[in-house]
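Going by Swiss-Prot, these are the annotated features:
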type	residues	note
DOMAIN	1-52	domain 'Rubredoxin-like'
BINDING	Cys6, Cys9, Cys39, Cys42	Fe cation binding site
Amino acid sequence: MKKWECVVCGFIYDEAEGLPDEGIEPGTAWNNVPEDWVCPDCGVGKDDFEMVEI
């Protein structure tokens, strides 16, 4: 599982954890997150996220 970081605000999407409050189940790969999903902290789209090694 990978982690993706918002380059604008630093929010981390962790594939292992998902975002259950937003309907994204734990274990959901980044490419399976809906294309219209936006960062819950700053509102930018998936194009503004980069994979990170933590």
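Heads up, the Cβ atoms here are built off N, Cα and C, so glycines get one too.
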Calculate the per-residue pLDDT averaged over the domain 'Rubredoxin-like' (1-52) and state the result as an integer.
98
Candidates Cys6, Cys39: member of the binding-site residues with the richest Cβ shell (10 Å):
Cys6
Near the Cβ of Cys42 (Fe cation binding site), how many other Cβ atoms are there if near means within 10 Å?
12
